[in-house]
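Positions annotated as domain 'PTS EIIC type-3' by Swiss-Prot: 8-427. What Swiss-Prot lists as transmembrane segment is 40-60, 69-89, 104-124, 151-171, 190-210, 239-259, 263-283, 296-316, 332-352, 356-376, 403-423, and the listing cites sequence analysis.
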Amino acid sequence: MDKFEKWLNKTLMPLASKMNKNHFISALSEAFMRCMPLTLGIALLTIIGYFPVPAWVDFLNSIGLAQHFSAVIGAVTSALAIYVTYNFAYSYVNRHEYNGHTAGLLSIASLLMLMPQIITVPVVKNIPTEFPKSAVVDSVSNVEAFQTVYTGSTGLIVAIIIGFIVSLVYIQLSKRNLVIKLPAGVPPMVVDSLSPAIISMVIFCLMFGIRVGFSYTPFHDIFNFSTQLIQAPLTGAVANPWVLMGIFTFGNFLWFFGIHPNLIGGILNPLLLTMSYANIDAYAAGKPVPYLQMMIVFAVGANAWGGSGNTYGLVISMFTAKSERYKQLLKLGAIPSIFNISEPLLFGLPMMLNPLFFIPLVFQPAILGTVALGLAKILYITNLNPMTALLPWTTPAPVRMAISGGLPFLIIFAICLVLNVLIYYPFFKVAYNKALEEEKAAVELEGSETA
């Protein structure tokens, strides 16, 4: 164990440190964090508008409110790529101490420039009340419009790429003073607005070249290129439940050695969000969610189950402790754990570098995820409400799962919770018995010294 720990400290710790200091990873994390006021802001409306009770949904449709819920929620979910590209460019450029707001606006404009802006619709003259079966469309018309398929989850990868390209160009040209020089008496607001005009021209010319260049390829645009060659393979891999369980297991493995799983979260989260919003789009359209297994594994195997380490089972096990040390730790860690904050328990036991807790800490995601997938098949769960992806990450698992899948998903929660306890209890019992012996020895020693 000592040799392995030294190897980790020599290899993974420097890598983790570099990744945490990396401007791209940091800006990427900040880009999604800055979207949280939007996603959390519509969380309540999302729950009301898509509450998983058919009678309620039918009622909203009958009084005409369903379309308004869809419109308000769509203003966030169907425009996520726009928000992310602005936030990324702002954060990245701001970290280099240049004007992040200007870079963010240039990034939005660049993203829109690269989008297909024409929708082809059929032209029908003398529209009858009913079309005969023999009717054919003999002509089409082009309508100028932006498609939400590109501004939403499908465009996230391109949004990040464009935000990064714009940021790099903006920073490099700013370093070379490729800006308009204005007299000293000009107000700062005017200077900030006019000085990057040349940089804007260069960036837009670059975007024009990218747009034209892709138009001559079989992909026709950068979005199809990204979807087919980048996004589809990556999401396909992560959507595999066994790969996802492996990633969560590796994250807990890092935690055991004191390395925060944010090391992989910055890379994984954009893919998970892309899949989550694809689920939301499908569900809102009345279709089955395309990434059902991902939702099931995430519900029980990620940090949405008592935080890192899946600590719900540990908290319940701690109620059996007779040790004063663990009784006090339970008071400190129980409530945070309910809301998926497990650090008080991880550091308080401690679980890190504690061989006793290696198995329950590291292998919970794989065990719970496998059982949940099996139970989902037995209970014939074929669709879930993905709107819970918009809820805060601190939402307790039973609340999230009840909204997402109703009674069948709550049954899975209950069974997995029992399993969670059974996995943690034997290891915790050894720990609290040892602590109890130490406390008794300390009391006896204190008594002998007093005598």
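Quick reminder: no glycine exception, Cβ is built from N, Cα and C everywhere.
Between the transmembrane segment (356-376) and the transmembrane segment (239-259) there are at least 3 Cβ pairs closer than 8 Å, counting only pairs 6 or more residues apart in sequence, which means the two stretches are in contact. Among 151-171, 190-210, 296-316, 332-352, 403-423, 151-171 has the largest number of CB pairs under 8 A with the transmembrane segment (263-283). Remote same-chain residues near the transmembrane segment (403-423) are listed as 47, 51-52, 295-296, 299-300, 305, 310, 312-313, 316-317, 359-360, 363-364, 367-368, 371-372, 375-376, 379-381, 384-388, 391, 397 (criterion: CB distance under 8 Å, separation of at least six residues from the stretch ends). Per-residue confidence over the domain 'PTS EIIC type-3' (8-427) averages 84 (mean pLDDT, predicted model).
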